[in-house]
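Data first, discussion second: the structure below is written as structure tokens.
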Amino acid sequence: MAPVSGSRSPVREASGGKRRSSSRSPKSIKSSRSPRCRRSRSRSCSRFGDRNGLSHSLSGFSQSSRNQSYRSRSRSRSRERPSAQRSAPFASSSSSAYYGGYSRPYGGDKPWPSLLDKEREESLRQKRLSERERIGELGAPEVWGLSPKNPEPDSDEHTPVEDEEPKKSTTSASSSEDDKKKKRKSSRSKERAKKKRKKKSSKRKHKKYSEDSDSDSESDTDSSDEDSKRRAKKAKKKEKKKKRRGKKYKKKKSKKNRKESSDSSSKESQEEFLENPWKDRSKTEEPSDLIGPEAPKTLASQDDKPLNYGHALLPGEGAAMAEYVKAGKRIPRRGEIGLTSEEIASFECSGYVMSGSRHRRMEAVRLRKENQIYSADEKRALASFNQEERRKRENKILASFREMVYRKTKGKDDK
């Protein structure tokens with residue numbers, strides 16, 4: 001062990017340490033400067049040296065030279081020995097082996113190569129994360145290429161016919177608005193012209209009236225009568241004019257409302273056409289609740305009507321059921337004729353059942369029939385009661401009829 005360690009020079013070991021250190025990443029350099037990392041690495045180096053038959057002095061010296069060589073080559077050469085002295089308290093076994101010539105094994109937690117690998121993996125992972133974030137924000141045009149600023153319209157969504165139709169509709173709407181404005185302007189100008197004419201006519205009338213008053217100044221009584229007549233005529237004319245104006249205004253309003261309604265209906269039809277241009281307009285839409293094609297209309301025959309499962313008792317059925325009730329047996333249903341009630345009960349216990357809807361219907365019929373069963377005395381009492389009621393009704397009707405006949409005949413006799 002000792003002669004092998006003595007044969008190598010510390011300068012060569014330092015140079016070897018420099019070469020090894022040049023292949024490392026910069027993050028591992030910073031982490032190796034901490035005292036804990038130095039401690040663990042010195043321990044791992046000592047173990048590694050023992051396994052390969054090398055002394056602890058070489059490993060300690062190489063570790064110190066590695067730590068210092070990352071700063072600069074010029075500084076590392078001058079500070080090799082002091083750095084070895086600094087690392088001596090943390091790796092006492094390595095320094096004692098170098099100066100004293102004996103070695104003492106010191107157990108470390110983990111070998112330093114595994115820590116370096118972890119640090120490298122961490123740095124690579126951080127780089128990948130940052131690259132992914134950058135690509136997510138900016139994109140990668142060299143891989144995917146830039147997306148088009150104005151995407152081309154899809155052939156299915158935008159057809160040239162559909163693109164032309166909205167243009168036509170907009171032009172038609174604008175033209176209709178212009179026509180409305182022109183009509184309003186023309187109506188206003190007409191009203192102004194009418195007002196001017198009325199003013200002129202009123203002025204002329206005033207002039208004529210003044211001339212007449214000058215000429216007829218001698219006869220005041222005649223002029224006063226004429227004035228009153230004229231005033232009455234003027235008032236009548238004004239009333240007539242007002243009525244005419246009101247009628248004209250109403251007509252104009254009705255015309256405008258009609259035009260607006262027609263315009264709104266045309267706009268709605270245009271919007272509907274834009275929504276679905278392929279819809280058939282010739283056929284009027286009829287609200288139908290049914291969805292899908294209509295079933296062929298066939299005349300309902302008597303065979304198609306639902307079967308009546310016997311609401312009333314058949315002849316002789318009531319007596320047979322009464323016998324079953326007296327015996328305390330189950331009344332057989334109509335669908336179960338041919339079997340005894342005991343057989344039917346055994347079948348039902350073993351799990352044989354009728355179809356659900358038929359079973360329910362039959363059960364209801366059975367219960368109703370059980371309620372319909374009366375004894376002989378009850379039947380007699382009911383028959384007598386019914387006969388009495390019928391006689392009373394008949395007597396009332398006959399009496400009322402006799403009274404009516406008597407009145408009619410009595411009236412004829414009196415005449």
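Placement of Cβ uses the backbone N, Cα and C atoms for every residue, glycine included.
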In Swiss-Prot, the entry for phosphoserine among Ser76, Ser155, Ser201 points to Ser155
Cβ neighbours of Ser147 (phosphoserine) where a neighbour is any other Cβ within 10 Å | 8
So what pLDDT does the region 'Necessary for interaction with CIR1' (177-272) average out to?
-> 71
